[in-house]
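Step one of this worksheet: look at the structure below.
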Amino acid sequence: METIQLLNKNQFLREYFNSSHLRITPWIRDPNGLHHPFVFEFELKFFDRTYANNIYLWMNKWWWLSIVYSLMYVILIYYGRSLMESRERIEARLPLILWNLGLAAFSIFGMLRCVPEMLYSLTQRGLEYTICDRSNIYGITGYWITIFCISKVPEFIDTLFIVLRKQKLIFLHWFHHATVLVYAWYSYHDWTASGRWFVFMNYTVHAMMYSYYAFRAMRYHIPKWVQVTVTVFQLSQMGVGCFVNYKAYVYKQAGATCYVAYANIFWSFVMYAVYFGLFLHFFF
């Protein structure tokens, strides 16, 4: 009986990993020329330009829902904290560990797809290309940029753990979550080319940050230099974000074809500058 169960289990695993969504292709060439190794079937969706364009058209029409989601998020935070005032804190340590591990794994995977594309584009095509060209909207990178924007909604769950555990909720935390969602969807709705930089940086920082949170939730001793490193990367992300917007403005003023709207440059620069100030104030 145990042998039959084991065979059935092995058959299930073989069928699961050989399913269409999890089938792996050794090498796939992205639209900008980069070859990605070990590509899953589900990552190939954005090679179908009709599919990718339909996603874009939906976001172009409904990006403003991000404002609604963010307002609902802030309201729920307020009522959630009021509700927890008369209740015992809920530790939820295991769900917190699993949540952070899940986001760490997701961010690492996104980083492994977006960082090579960024480095390839930067070394082979130059800085202006990485800021102004839209080649990243299709292919594997296009898929991970889209998933990045969608992921900003479930990331609100970060705050749920803070509320349930009755921890201090700082302005930087909820302001950052709310505004990142709105900006990500706002930028996606007109396929902002400079988003290549913002997505690759965010995946990289989150890969480190959520790994750090997961190990801290597991109560491992983490050296001080690890926290300092994460903080430095967070601040660097804000500084680079301001620089990228400055360069986008310079390229457009020089007459280059640069798919970044002036309004986006302004709001993105303001957002990154505010983040930089808030992070600097919080950590120092």
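Positions of Cβ are set from backbone N, Cα and C atoms, glycine also.
According to TrEMBL, the feature transmembrane segment maps to 62-80 (among others). Through the fold, the transmembrane segment (62-80) approaches residues 152-153, 156, 159-160, 163, 169, 174, 177-179, 181-182, 184-186, 188-189 of its own chain, all at least 6 residues removed from its boundaries and within a Cβ separation under 8 Å.
Among residues of the same chain six or more beyond the transmembrane segment (92-112), those with a C-beta under 8 A of the stretch's C-beta atoms are 144, 147-148, 151, 155, 157-158, 161, 164-165, 199-200, 203-204, 206-207, 209-211, 213-214, 217-218. Under the heading transmembrane segment, TrEMBL lists 92-112 (among others).
Long-range contacts of the transmembrane segment (137-157) within the same chain, counting only residues at least 6 positions beyond its ends with a Cβ under 8 Å from a Cβ of the stretch, are 28, 30-32, 36, 39, 42-47, 49, 52, 55-56, 59, 66, 69, 73, 99, 103, 106, 110, 113-114, 117, 177, 180-181, 184-185, 188, 191, 195-196, 199, 202-203. Under the heading transmembrane segment, TrEMBL lists 137-157 (among others).
What TrEMBL records for 169-188 (among others) is transmembrane segment.
If you look up TrEMBL, you'll see 194-213 (among others) marked as transmembrane segment.
The transmembrane segment feature in TrEMBL is assigned to 261-283 (among others). Among residues of the same chain six or more beyond the transmembrane segment (261-283), those with a C-beta under 8 A of the stretch's C-beta atoms are 170-172, 175-176, 179, 183, 186-187, 190, 192, 194, 198, 231, 234-235, 238-239, 241-242, 245-246, 248-249, 252.
Same-chain neighbours of the transmembrane segment (169-188): 56, 59, 63, 65-67, 69-70, 73-74, 77, 81, 145-146, 148-149, 152-153, 155-156, 158-159, 162-163, 195, 198, 264, 267-268, 271, 275, 278-279, 282, counting only residues six or more beyond its ends whose CB sits under 8 Å from a CB of the stretch. Remote same-chain residues near the transmembrane segment (194-213) are listed as 100-101, 103-104, 107-108, 110-111, 114-115, 117-118, 121, 130-132, 136, 141, 144-145, 148, 184, 187-188, 222, 226-227, 229-230, 233-234, 237, 240-241, 244-245, 248, 260, 264, 268 (criterion: CB distance under 8 Å, separation of at least six residues from the stretch ends).
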